[in-house]
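Enquirer: Encoded as structure tokens, here's the structure I'll be asking about.
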Amino acid sequence: MAGSKLLVYLLRRDLRVSDNPIFHHLATTKDHGFTHVLAIYVFPHHQIEIGGLLKDGEQSPYPQALSQVAGFWRCGPHRAKFVAQSVWDVKKTLESLGSTLVIRAGKTVDVLDSVIKSLGEQGQQVNDVWMTAEKSSEEIKEEEEVNAVCKKNGTDFKLWADEKYFVDDRDTGLEKPSDLPDVFTSYRKNQEPLRERPRPVLPLPEKGVLPGVPESIPPQPHPFVEATGLNDLEQRLLSPLTSMLLEPPAYPEGAESAHPLKGGETNAHDRLRYLITSGGMNSYKETRNGLVGLDFSTKLSAYLSLGCISARQVHKELKDLEDGTNADYASANGYGEGENEGTKGVRFELLWRDYMRLCTRKFGSRLFRLSGFRQDKTYNKKWKSPRKDAARQDQSPAPEEVNRVLQRFLEGTTGQGLIDASQRELFHTGYTSNRARQNVASFLAKHMSIDWRYGAEWYEMHLVDYDVSSNWSNWQYVAGIGNDPRGDARIFNPVKQAFDYDKEGEYVKTWVPEVRDLESLENIFQPCTAKQADLERVGLAEHKMVTDPIKRIDFTLDRKPKGPRKSFPRKRGQGRGGRGGGSNGQGHDGSNSGGSGGNAKVQQNGRPGANNGYGHQQGAFRGRGQRFQCNTHTPNGGYSHPQNHNGYGGAMYPQQQQQYPEVWYGNGFNSNNTNMRRRGSNGYRGRGGRVGNAGYNQLHGYDYGGYEQPAYYPQQHHMGPVV
Ligand SMILES: Cc1cc2nc3c(=O)[nH]c(=O)nc-3n(C[C@H](O)[C@H](O)[C@H](O)COP(=O)(O)OP(=O)(O)OC[C@H]3O[C@@H](n4cnc5c(N)ncnc54)[C@H](O)[C@@H]3O)c2cc1C
């Protein structure tokens, strides 16, 4: 159209209108020349599953949004909802300012190409495309693809810095990415005093100052539909998601989510104001290691990671409190009293977030590498893999056993209370505290020596605050292959940590209801330590957390951890491992999964199981193989993905789910009948062996017994209270 100039702004993790450099530029620069702006958010097909947005009967042109190593959904239900809410909030805010946000699904470049073509057919040229830059490899690739499409269409392309971090890139003093110190403390010292570092925030554009919206808005490209509203969008995003667990935990009665917050810039600012006025920011330092409740930490992470709020906006409100410059905070504790330990602590953590992102900038795709950022080629840690094609030939235990242990870890039945509570909380709510995350990551990587990327991908699926840099760098850090100067030497003892941070056992009891009626903390944190009579009284005597704990840690109340820090429990015949076999002699080698009792006699008992204990394993593997081979979304629940040799749950599209609502086929496990336990013949606790073994019924191992999936996915009736 003659005289008009159109800008397309592709939003990604900059889901806010205030303190947004692009909107600010458009609102305040007189000669930018644009008569129209079309802001677009594309649900990216490779990061969020968009199969639920397909038109009836259509097939997606894209592979499913599954993770590379484990084949988990890359975005589970909690974050899918949160993103939808955040996107919708931007739309509402822009509408209130006389603009709008167009919401699409697909591959960003395909949507852009279609938008440019569709507008071109109506005589409207797209002159410029802008987006904000990210530092992770996948996002950089997307930027390059967008640039290429722009070139092809004769459209200008510009990348903006997002400015959502605490210290602006222009102010860090780092001349190039590789200048970043490999130790956080060195970086922090370079940046202090932190209170002086952030740039001022950019205000919300005034109503009517943004360029107009084009008269005709291009439709959602085929074969996807446009959601009719926020509820419809949420439901469609959630509908294809399966739990990926063979035995998903039930939602514990009475448990309340520590993260009942909804997404969006508006809610982010409400939360921030609440934290200031309630005194939460002042007490942050004392409470930040908490485990239960909404207010022990800020719960700003999900907003920060999607860019619903910027770190400098958080800093500004803290400063207003400290300086006494916002009358709305006049009645808050600490008003006008300067920086305190709490507000200082929040700034410190925000700098951690910056640092993790600068690590991504420095190390690029090494963020996702098994050997981590800094290890050279000679690094030789023997990670254990649940995948046959990825495991070393001499791996012990075998991949099938690692897979069994991994499943227990994911579903939260390891027998370590703190780990299990955290994993179940994460599964049900999308959140778990920093303290719990450290323990969980350490447990998988250091106690179990399992390929830490399974944990990182599980977190990617479930965390409502998933952030590529914060997640993967933290996993590397805790796994000992990232930027922790203590590396392998830092190992969290989950029992000691539970005694230190869950002093009444409230957290573990909240999320692991099976242990609620046990009396001593020691037993709550490790139910296998309870007396047989107590276990029988609370109905736990036959529970796998007790009969087959993944790891048992000897710990006495004088707080000194005892016992070996072995990754997988010892090999058969090493004196601590054996468990009694199943009565048909089909038990596992107890040593592979955490045996801690044991003397020669116990080992003998364990051996028959060890020798014949493959029914379960092979069954599981064959089950998985069957799913993998299944290319289409059949009722067998299979999926195939080029990089995924490790299918877990059958991914089913809505139509099929209606047909076969809650059953997964093709599982190698039969949840009810696989275990034929008996007591280890040599006592059951302490150093004398313990409640015996998981002997696996071979028949069921080979049989693909259909598994009834609890109705958690996708109905979402256990999402916890929402405020
Ligand atoms: C294994 C592991 C995985 C993690 N994955 C993520 C992730 O995907 N996304 C994410 O935002 N955080 C991640 N963290 C960091 C941290 O656990 C969360 O940021 C924090 O628990 C979020 O809760 P909060 O907002 O109440 O944090 P607060 O304690 O209130 O901290 C304030 C803010 O500081 C930042 N922050 C705090 N600690 C860290 C940290 N260690 N690294 C980076 N930023 C931090 C967050 O943005 C947070 O919102 C991970 C930590 C571990 C150990």
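Just so you know, glycine gets a Cβ as well, placed from its N, Cα and C.
TrEMBL annotations: computationally assigned, not manually curated.
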Enquirer: Which candidate from Tyr274, Tyr284, Tyr454 does TrEMBL annotate alongside Ser297, Thr298, Lys299, Leu300, Ser301, Asp465, Tyr466, Asp467 at the FAD binding site?
Expert: Tyr284
Enquirer: Does anything in the same chain, at least 6 positions from Thr298 (FAD binding site), have a Cβ under 8 Å from its Cβ, and if so what?
Expert: Arg271, Leu275, Gly280, Met281, Tyr284, Val314, Val346
Enquirer: Neighbour count, 10 Å Cβ-Cβ cut-off, for Trp452 (site 'Electron transfer via tryptophanyl radical'): what number do you get?
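Expert: For Trp452 (site 'Electron transfer via tryptophanyl radical'), the count of other Cβ atoms within 10 Å is 27.
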Enquirer: Quick one: pull the CA-CA distance for Asp467 (FAD binding site) versus Trp475 (site 'Electron transfer via tryptophanyl radical'), whole Å only.
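Expert: That separation, Cα to Cα, works out to 12 Å.
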Enquirer: Closest of the recorded positions to Trp475 (site 'Electron transfer via tryptophanyl radical'), Cα to Cα, picking from Leu300, Trp452, Asp465?
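Expert: For Trp475 (site 'Electron transfer via tryptophanyl radical'), the spatially nearest of the recorded positions is Trp452.
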Enquirer: Sequence gap of 6 or more, Cβ distance under 8 Å: name the residues on the same chain that satisfy this around Trp383 (site 'Electron transfer via tryptophanyl radical'), in order along the sequence.
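Expert: Listed in sequence order, they are Leu370, Ser449, Ile450, Asp451, Trp452.
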Enquirer: For a quick check of packing: other C-beta atoms within 10 Å of the C-beta of Tyr284 (FAD binding site), how many?
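Expert: Other Cβ atoms found within 10 Å: 24.
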Enquirer: Over all shown protein chains, what is the count of other CB atoms within 10 A of the CB belonging to Asp467 (FAD binding site)?
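Expert: Around the Cβ of Asp467 (FAD binding site), 22 other Cβ atoms lie within 10 Å.
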